[in-house]
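**Student:** Please see the structure below; I have some questions.
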């Protein structure tokens with residue numbers, strides 16, 4: 001097992017005997033909000049269920065929104081700039097939400113208020129996205145006759161982008177506290193931590209299966225006939241309908257999570273895992289490689305008595321100081337982060353650099369390169385959306401494999417070690433991305449004839465690659481978070497901020513890729529192959545990094 005990074009507390013604190021250390025560890029877990037009792041498997045499953053609703057929405061976004069925004073008039077190269085909202089919101093929202101949820105004093109718990117707020121904004125964003133074409137038409141956009149979507153619609157694009165950004169902000173508001181809630185409930189129990197995040201990964205897979213299945217079905221406008229209007233064609237009506245389903249499903253799963261195991265409200269007198277009177281650069285989670293220094297019992301008692309004697313004004317000043325240190329906590333954590341956590345962040349960043357081009361353009365690749373369609377060309381738009389539907393089917397198969405494989409990740413980690421599991425998974429990912437290039441080059445020109453799809457063996461190969469990619473995706477969705485949760489709890493850190501720090505390794509690389517991936521493709525002649533080739537190269541590098549940088553001990557995941 002990896003040795004967790006320690007934190008250096010105040011100079012007043014000194015090492016004490018083992019009995020005092022155990023007592024202080026218990027007190028730290030209570031003050032940080034971890035559950036004081038062992039949660040049942042049912043409660044952990046229920047708490048993880050919100051991942052289904054969140055991931056259903058992500059699945060719709062990944063499979064339908066890239067094609068749809070091109071139908072509104074955005075170029076292929078400009079699509080990646082629209083997706084910039086995801087990593088930007090993740091960079092800002094998850095660390096801030098994590099910080100404040102660590103210190104939330106609501107009687108309902110620390111994480112629940114943020115889950116509710118995020119759900120409300122998901123509803124708002126879903127409605128904005130669904131009715132963007134209709135609202136754009138009311139504001140003066142022109143639309144083509146029939147279903148050809150021939151006109152550039154700037155007002156609809158502006159409304160859509162607004163909804164797109166709000167949707168990402170809201171989902172990130174839910175996602176961070178959801179993971180932190182699971183970490184709170186399992187405490188420092190490594191085995192239960194793997195199980196809890198395994199449940200979350202399974203729900204994410206189920207959400208993907210349902211979301212991609214909904215995306216592959218192109219008759220939703222017949223189920224909800226009112227969605228099709230003069231400004232909203234069949235493609236738009238399908239999008240509108242599935243977002244109605246997403247709103248209902250998310251609200252249902254959020255309620256399930258809210259009614260799971262009770263949280264312990266944060267005790268403001270304990271200052272959670274960090275005393276705000278200590279400068280943020282001197283104490284922050286996951287910092288140095290020194291072992292945790294425990295406070296002297298008498299000194300700790302004296303501090304507790306002093307805090308009890310503090311008046312209301314002092315408490316208000318402390319709260320303001322906490323607010324002022326939101327970004328300092330994050331900066332301080334990065335400055336002092338060392339050892340094993342740096343390795344996890346590095347491998348996570350490389351992994352997501354590999355994934356992002358494919359996640360951004362997966363169904364677009366199926367529609368363009370495999371089926372030879374083009375959403376901006378009325379003569380080839382049907383081929384394109386046939387390919388998008390087939391791509392959504394492939395993503396559904398991907399999610400089934402993801403869910404099945406997530407059930408055995410714990411077993412593989414115990415017997416092979418986390419470094420081997422992560423490394424092999426990323427090697428599989430790189431091999432699959434090379435496979436997409438081979439398929440692109442193997443598609444015969446005859447497949448580009450109108451109303452004729454690619455040969456059956458090409459379809460089967462493409463679907464097979466989509467399905468096989470579920471294996472590395474299962475590792476990406478669970479292993480980094482389980483590792484981080486275990487280490488953070490061991491040192492008494494705030495799970496919300498820790499998940500925010502880990503999220504930086506996910507979103508910061510995506511910012512650069514969102515800015516440059518579309519233009520990288522254009523530089524090499526268009527299409528999606530150049531970005532996929534970049535992903536394949538980085539995937540191999542991340543596999544090597546996982547094997548060499550992550551500790552070799554077994555049962556480390």
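Here the Cβ of each residue, glycine as well, is placed from N, Cα and C on the backbone.
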**Student:** With TrEMBL as the source, identify the stretch among 156-174, 175-193, 270-288 annotated transmembrane segment.
**Tutor:** 156-174
**Student:** Given 74-93, 94-113, which one carries TrEMBL's transmembrane segment label?
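**Tutor:** The range carrying the transmembrane segment annotation in TrEMBL is 74-93.
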**Student:** Per the definition of 3+ C-beta pairs under 8 A with sequence separation of 6 or more, do the transmembrane segment (156-174) and the transmembrane segment (195-217) touch?
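**Tutor:** Answer no: the transmembrane segment (156-174) and the transmembrane segment (195-217) share fewer than 3 Cβ pairs below 8 Å.
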**Student:** For the transmembrane segment (114-136), which partner among 237-258, 390-413, 420-443 gives the most CB pairs under 8 Å?
**Tutor:** 237-258
